């Protein structure tokens with residue numbers, strides 16, 4: 001067997017598996033972004049543009065876009081890619097706790113992706129949205145195998161995530177550096193740890209919900225079928241008990257990356273380290289107690305709505321602690337506006353905008369009007385499309401030199417930031433106005449009155465795609481004729497222990513040798 005196949009297909013090395021995850025995430029992200037551009041072109045003007053009036057096909061695109069970005073781009077990139085690459089390096093571990101489990105965690109993802117893509121080509125595809133609500137996902141409304149394939153895809157992806165999460169928990173608790181207690185590990189490791197616990201506790205609930213849906217579709221049960229004594233709202237409760245923590249699974253590792261980046265480029269330790277840790281844990285706990293704010297329109301009684309409104313508004317407190325801690329870290333720091341820092345600042349500004357619209361839709365009275373309008377789309381894309389994505393870009397530009405030993409072009413990186421920043425704002429900010437005007441989501445046509453802001457939004461999507469193409473060009477240039485990266489490219493003074501070197505990965509070579517720590521290094525306070 002060739003050494004290449006041995007290395008990449010049977011790898012047990014956390015760096016190689018991290019690289020595979022990053023490549024997989026980039027591929028899935030391109031697919032998801034292409035689908036979103038197709039949807040925006042369809043919505044650029046009233047009437048039929050590219051989908052010849054096929055509303056089912058439009059909903060298949062919505063479903064594929066959501067699932068691709070959430071399960072196949074963001075989680076594999078942030079947890080699988082950056083998590084695998086840097087958690088062992090930062091905590092001084094020789095590898096992950098279970099290297100072969102790590103391998104199967106990755107190799108479950110491509111079959112899962114294939115099943116999801118296959119579902120779009122079976123009969124009319126799965127036009128349910130990523131939420132898979134019955135009765136739309138029931139056998140009466142989607143009679144073919146498409147929804148079943150999507151369910152199997154989510155099962156396999158969920159198994160992968162659960163295995164990966166248990167691996168991270170075992171690694172961080174058991175093969176951490178002897179000198180690093182839990183209050184000394186960097187915030188990126190903390191964010192991965194908290195995220196792993198969320199995955200471990202919520203993915204099994206999703207698995208249960210979609211398994212029951214599978215039996216409803218194929219084995220004549222009626223858990224979600226009201227004609228047989230079931231309740232479709234039960235699915236919504238089960239799904240959102242997973243689905244709301246899921247959005248924190250997506251954004252918490254990005255929080256960790258932003259904490260590291262802001263600290264490095266402000267030349268200061270992060271402000272309120274312990275406060276940020278407790279904010280992370282609070283978000284994790286509160287995030288599992290607010291799921292029904294996605295369901296204000298199903299006819300809950302007023303006491304239930306009052307509780308879920310109050311609990312949802314309460315999440316703003318730990319989130320605010322994190323945002324103000326990042327701002328305080330930058331306050332009076334010696335700020336260096338390199339590309340990762342630009343993405344971090346962009347993240348803080350735009351995530352705050354998304355958080356503010358979140359405060360609006362958390363109010364049950366208002367949400368009755370705003371539910372399933374473009375206002376909600378604008379809200380969660382500001383948090384996810386801008387939050388998680390900017391976190392990924394910040395992490396990539398921050399660590400690319402460590403991953404491949406080559407540095408990117410700073411000029412092109414900054415141009416990429418500005419194109420992306422302008423593009424995503426042009427895309428999603430007008431959606432607030434459309435939502436307030438009452439345009440519903442998941443519908444490919446609309447009255448003429450809404451055309452103006454839709455044109456602006458589609459223009460923004462095209463700008464964002466140009467930014468994405470530029471990003472891949474930046475990566476191509478870095479790999480082909482990039483500058484050789486030093487062990488710590490962000491150091492002001494050419495010393496090993498500059499103020500920016502607060503984590504272990506900057507003390508080793510770029511790229512690191514295949515087996516970085518043959519024996520666990522000892523870290524001591526000086």
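A Cβ is built for glycine as well, from the same backbone N, Cα and C atoms used for every other residue.
Of the listed segments 215-235, 341-361, Swiss-Prot assigns transmembrane segment to 341-361. It is 270-290, from the ranges 270-290, 438-458, that Swiss-Prot records as transmembrane segment. Between the stretches 46-66, 67-87, Swiss-Prot puts its transmembrane segment entry on 67-87. In the set 244, 248, 294, 372, none of the binding-site residues has a C-alpha within 10 Å of the C-alpha of residue 65 (Fe(II)-heme a binding site). Non-local neighbours of the transmembrane segment (17-37) in the same chain are 8, 11, 61, 64-65, 68-69, 72-74, 76-77, 80-86, 102-103, 105-106, 109-110, 113, 117, 392, 403, 461-462, 464-465, 468, 472; each lies 6+ residues outside the stretch with a CB under 8 Å from one of its CB atoms. Listed in chain order, the extra residues whose Cβ falls within 8 Å of the Cβ center of the Cu cation site residues 244, 293, 294 are 240, 243, 290, 291, 292, 295, 308, 312. Taking Cβ-Cβ distances under 8 Å and a sequence separation of 6 or more, the neighbours of residue 244 (Cu cation binding site) in its chain are 287, 288, 290, 291, 293, 294. With a cut-off of 8 Å between Cβ atoms, the residues of this chain six or more beyond the transmembrane segment (341-361) that come close are 251, 254, 258, 261-262, 265, 293, 312-313, 316, 319-320, 323, 326-327, 330, 335, 367, 370-371, 375-376, 378-383, 386-387, 390-391, 393-394, 397, 414, 417, 421, 424-425, 432. In the structure shown, the C-beta of 379 has more C-beta neighbours within 10 angstroms than that of any other entry among the binding-site residues 379, 381.
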